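Here the structure comes first, spelled out in structure tokens, and everything after it is commentary.
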Amino acid sequence: MKGEIMQEEGNQEEAYGESVEEYKPKRGVRECLCIPIQWFSMLCREMHWSFVFGVVVIYGISQGIGVALAEVGTKYYMKDVQKVQPSEAQVYKGITSIPWIVKPIWGLLTDVLPFFGYRRRPYFIFAGIIGVVSMLLLSLHENLHLVLALLSLTAGSAGVAIADVTIDACVAQNSISHPSLAADMQSLCAASSSVGSLFGYFISGIFVHLIGPMGVFGLMTIPAGLVVSVGFLLSEPRMHHTSYRQVKQNFVDASKSMWTTLKSEDVWRPCLYMYLSITLSLDVREGMFYWYTESKGGPSFSQESVGFIFSISSVGALLGAILYQYALKEYAFRSLLFWTQLIYGLSGMLDLVLVLRWNLKFGIADYVFVVIVESIAQMTNRLKWMPMLVLSSKLCPSGIEGTFFALLMSIDNVGLLSASWGGGFVLHILRITRTRFDNIWLAILIRNILRITPLWLLFLVPRADPTSSILPTTETMDSKVAIETSDTTNVELVSLVHSVDAK
């Protein structure tokens with residue numbers, strides 16, 4: 001009797017399960033649209049809303065909208081106000097990026113030198129104030145000397161860089177405490193940056209036309225002011241009775257830990273690949289910009305058209321971030337970088353089609369073709385960049401997350417500087433000027449050939465996937481450096497010595 005009753009109950013449960021499965025509602029468009037909102041809400045619950053707010057402001061508004069306005073505004077400022085040559089503009093672009101190269105200094109300060117008991121919040125405030133002052137100087141001074149203009153642009157870049165390294169420290173710290181959400185945090189950063197860039201580039205050309213590049217610099221005080229608000233709103237535990245006598249020792253210990261970590265084969269090999277892959281992709285965009293707007297044989301795009309092109313093409317970066325989040329984030333670093341680097345190199349050939357005017361022979365208008373080319377370039381560049389960001393965040397030792405992540409990013413920025421100056425050198429050698437573009441096709445061809453060469457360097461990248469633990473366990477550490485961050489808490493800094501993933 002008991003067995004019959006249990007069997008009958010089991011049959012009822014089975015029938016009920018089949019009924020539930022049979023009448024289970026399918027996901028509609030509304031449910032699909034709610035997925036990003038639910039994902040965003042999940043991150044707010046897990047990380048605290050102020051962290052998510054900081055990522056959106058720094059990556060979306062400061063680096064997305066602000067950098068988009070700065071890029072278009074600076075291009076026209078150098079071209080129309082300062083009246084420099086394309087090769088010179090390429091070199092000056094590299095100079096203004098120098099604050100990004102010294103990011104380890106900003107990261108080291110955020111890790112070991114707190115102010116008023118806080119490690120991150122004061123640096124957001126300081127970065128925002130620098131940005132506001134430098135942009136006001138550029139916008140209010142009509143006949144600013146080129147040297148002073150470069151100093152102001154560099155100072156504004158420093159403000160963005162300090163805010164960037166500070167939020168990167170928060171991301172790296174949360175990646176260690178929430179390793180399963182490391183890829184999601186990078187996706188949040190990339191999505192915020194892409195959406196911000198989309199909007200920023202959309203309005204950049206309009207505002208350059210309406211108020212000029214100097215007026216655009218005035219608008220950039222708004223993103224800088226929002227960075228200040230992040231400093232006041234960020235949720236961060238306060239360290240009481242901080243001993244500033246230990247600051248010097250903290251710097252020494254952090255430097256030793258960074259050097260020990262960087263010497264590890266698991267670290268310097270992917271760092272070398274990151275640097276070479278960026279350096280070998282020469283930056284000749286200033287020459288392309290002058291050709292877009294000045295060449296009589298070229299498209300001769302207006303200011304609004306340039307802004308719209310950059311805006312629409314930034315959708316490619318957003319699609320790249322979405323594609324990585326929902327389809328590619330679990331793939332191994334090496335295999336994903338192979339295909340993205342290959343596509344990135346081949347897509348550059350479309351620029352060659354444009355400057356040789358072959359697109360017109362196929363009946364494709366310049367405006368449409370440029371949007372397609374820029375969108376593909378942005379998407380492939382984003383897909384190539386995001387795996388390296390995830391890998392970099394997983395290589396950061398606990399306690400100096402900001403410093404070491406900044407060090408890894410500064411290596412990439414040195415690569416960007418090398419690519420910019422290398423591109424400027426190529427433009428100069430090929431005699432590409434404000435009005436002469438006969439050899440622009442050759443500069444693009446040289447760049448595209450060099451883009452393919454990093455494929456032979458992929459052996460430097462580990463085979464691990466983003467869900468794997470890159471840092472060795474405590475038992476495998478050969479050296480440990482303790483840095484005192486407060487009078488009651490010691491954060492142990494560990495170095496990478498052994499590999500946990502087979503190459």
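A Cβ is built for glycine as well, from the same backbone N, Cα and C atoms used for every other residue.
In TrEMBL, annotation is done automatically, which means it is predicted and not curated.
Nonlocal intrachain contacts for the transmembrane segment (49-70), taken as residues 6+ away from its ends with a CB within less than 8 angstroms of a stretch CB, comprise 40, 43, 124, 131, 156, 160, 163-164, 166-167, 170-171, 174, 185, 188-190, 192-201, 203-204, 207, 216-217, 219-220, 223-224, 226-227, 229-230, 233-235, 310-311, 314. Here TrEMBL flags 49-70 (among others) as transmembrane segment.
Sequence-distant contacts of the transmembrane segment (123-140) (same chain, at least 6 residues past either end, Cβ-Cβ under 8 Å): 54, 62, 66, 77, 106, 109-110, 148-149, 152-153, 155-156, 158-163, 166, 214-215, 217-218, 220-221, 223-232, 234. Feature annotation from TrEMBL assigns transmembrane segment to 123-140 (among others).
Long-range contacts of the transmembrane segment (146-167) within its own chain (CB-CB distance under 8 A, at least 6 residues past either end) are made by residues 54-55, 58-59, 62-63, 66-67, 70, 74, 77, 82, 84, 92, 95-100, 103, 106-107, 110, 120, 123-124, 126-131, 133-135, 137-138, 220, 224, 227, 230, 402, 405-406, 409. Here TrEMBL flags 146-167 (among others) as transmembrane segment.
Positions annotated as transmembrane segment by TrEMBL: 188-211 (among others).
The feature transmembrane segment is assigned by TrEMBL to 217-235 (among others). Within the chain carrying the transmembrane segment (217-235), a Cβ under 8 angstroms from the stretch's Cβ atoms is held by residues 48, 50-51, 53-54, 57-58, 61-62, 65-66, 69-70, 73, 77, 120-132, 135-136, 138-140, 156, 159, 163, 167, 170, 207, 211, all 6 or more beyond its ends.
TrEMBL lists 305-324 (among others) with the feature transmembrane segment. Through the fold, the transmembrane segment (305-324) approaches residues 68, 71-72, 75, 187, 190-191, 193-195, 197-206, 208, 289, 292-293, 367, 370-371, 373-383, 386-387 of its own chain, all at least 6 residues removed from its boundaries and within a Cβ separation under 8 Å.
According to TrEMBL, the transmembrane segment annotation covers 336-358 (among others). Beyond the transmembrane segment (336-358), the same-chain residues lying 6 or more positions past its ends with a Cβ under 8 Å from any Cβ of the stretch are 277, 281, 288, 291, 297-298, 328, 366, 369-370, 372-373, 376-377, 380-381, 383-384, 387-388, 437, 440-441, 444-445, 447-448, 451-452, 454-455, 458, 461.
The transmembrane segment annotation in TrEMBL covers 364-383 (among others). Only residues 6 or more beyond the boundaries of the transmembrane segment (364-383), in the same chain, are considered here, and those with a CB under 8 A from a CB of the stretch are 190, 194, 292, 298-299, 301, 305, 309-310, 312-317, 319-321, 323-324, 328, 336, 340, 343-344, 347-348, 350-351, 353-354.
Summarising the annotation, TrEMBL assigns transmembrane segment to 404-428 (among others). Within the chain carrying the transmembrane segment (404-428), a Cβ under 8 angstroms from the stretch's Cβ atoms is held by residues 86-88, 90-91, 93-94, 97-98, 100-104, 106-108, 165, 168-169, 171-172, 258, 261-262, 271, 274-287, 388, 392-393, 395-397, 443, 446-447, all 6 or more beyond its ends.
With a threshold of 8 Å between CB atoms, the same-chain residues lying at least 6 positions outside the transmembrane segment (440-461) that come near it are 269-270, 272-273, 276-277, 280-282, 284, 287-288, 291, 333-334, 337-338, 341-342, 344-345, 348-349, 351-352, 355-356, 391, 423, 426-427, 430, 432, 503. According to TrEMBL, the transmembrane segment annotation covers 440-461 (among others).
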